[in-house]
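Taken straight from TrEMBL:
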COMPBIAS  180-206  compositional bias 'Basic and acidic residues'
COMPBIAS  214-245  compositional bias 'Basic and acidic residues'
DOMAIN    255-376  domain 'Dynein axonemal assembly factor 11-like CS'
REGION    180-252  region 'Disordered'
Amino acid sequence: FLSVTEDLVRRRAEHNDCEIFSLEEISLHQQEIEKLEHLDKWCRDLKILYLQNNLIPKIENVGKLKKLEYLNVALNNIERIENLEGCEELKKLDLTANFIGELSSIETLKYNIHLNELFLVGNPCTEFEGYRQYVVATLHQLKCLDSKEIGRSERIQALQNYPEVKLKIREQEQAYRLKRAREKEEAQRRMQERKDKKENQMKSELEFDSPDSLQKKENHQAEGDREQETQRTAENDEEDRRFWEEPTPYTPESRLETHRYIEEKRRAKDNIRESKKREKPLQTLVTAEGKVLNVNVPKLDFSLKDDEVNNQIILDLAVYRHLDTSLLDVDVQPTYIRVLVKGKPFQIVLPEEVKPDSSSAKRSQTTGHLVVSMPKAKEIILAKPKVSTSVKHSDCNTPQKNARRDVQIEKLEVDPSKYSFPDVTKIIQEKDRIGQGPIRLQPEKITETKKSYVEFENDEDV
C-alpha cells in the first residue's frame, strides 16, 4: 500500500521552502494514499490538511495535531469516525462521500468543542431515518451540518425526540452491519476468482513457452507472434468489457478493486512500452564503413551558412524557445556536428573541415535558436581590393586587354606606343608661383598693356 512519505510531504510543501516542521497547510489530495501516518510527528503545527480523493480506510495518526482546524478526508474509504479527540482546535471536518455506516461513531466528536461544521453527504448513514436529528442532538456545538445551518428550534425538537431517534439509528446500524458482512464476503469471493484466473493464465503462458513448444515457435515465430498478440489484445478487451459492465455494489472493497485493476493495466501498458523501447533499434548515426549520416530526429528547422568574410561555418538550429539549455548537448567534430535535443540526435555533415576547439555555441535571446560558429580549418587570405589610378574607359575590350597584359611577360624596355599608361610627369599642372617663396626668387610679372579702344586716352597722371 502507499503511505505518506517524507519526500511526498516535502514536494507538496514548496510554498514553505520545502520545510515540513513549521508547515501549517498541506494538500495531499489524489496521491493514492492508502495509509495515513507520520504527519503527527513531522508537521506538528498543521492547521489545514487536505487528504481528499485517496484510498484511506481509517482516520489515524492525526490525534497529536493540536492546532489542526480543518481536516478534509472526502472521497476516501473511511467507515467510522475515530481518533480525532486530540485535535482540540478542530473547527471543520469534511467526510463527504465515504462509507460511514456506523453513525453512532460521531459521539467521539463531542470532545471537539470548537467543531462548527460537519459534512457527511454521500455516506450510507445519511440514508438512515432520523439521521439529521440524531447528529444535531448528539453534537451540541455544531452550527452547520451538510452546508445547512442548525436552527434553535431544530435543536430543541431533536433533543426532545432523541431517545426514540437513537433507538432507530441503532437498529439501522445493525442492519447495515449485516449488509456489510455480506458485501465483504462477496468481495472476497470475487478477489479469489480473479486470483485463480490470473494463476491459470500464467500457467498457460508458461506452457506456451515450454521447451516442447519452442521448436514450433521457432518455425513459425513471426506468424505466431502476430497471432498471439492479436489473441491477447482480444482477451484484454473482453476482460475490460466484462470488468466495467459487471454490476457491483459501491463499497470500499469495490473501489479498492477498481483502483488495483486500473493500476495493473497501467503497469502492463508501461511494461509493453518499455519492451518496445528496448526492441526499437538505436538510431544509426555512423555506418559500419565510417560514413557519417545526416539525421534530424527532433525534426527541427535549421540553416547552414558559409560565412566567407569571417572564414567560418554557422549552424542555426531552431530549438524550442523555452527549452532549457541543460537539455542540449553540442558535439563539434572536424567533418560534422551533432546536437542532442532532449536526447534526440540532430547530425549534419559539414561542407568543409572546421576547428572544433575554436568553435562556439550560443543561444539567441530573442528566438531561442542555437547558433554554432565553427571556424574553417583552412585559413583563406583575402586580397585587398586594388585602387586603380588609371582613367577608366568605357571600351568593352579593356578587360580583354588587361587579361592579355597579365599573360604576357613584361620586359624592362616598355614601348610607350604599345601601352596606354598615363604620363605621371604631367599629373600636377604647372601654376604661377606668385606669392610662394621669397620675393627675390619670384619671377617678375610682366603685364602686357592691352590695346585700348579708339576713344581711350592714357593719362599718365591718373
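Placement of Cβ uses the backbone N, Cα and C atoms for every residue, glycine included.
The average pLDDT the prediction assigns to the domain 'Dynein axonemal assembly factor 11-like CS' (255-376) is 87. In the compositional bias 'Basic and acidic residues' (180-206), helix, strand and coil residues by DSSP number 27 helix, 0 strand, 0 coil. Assigned with DSSP, the residues of the domain 'Dynein axonemal assembly factor 11-like CS' (255-376) fall into helix, strand and coil as follows: 28 helix, 45 strand, 49 coil.
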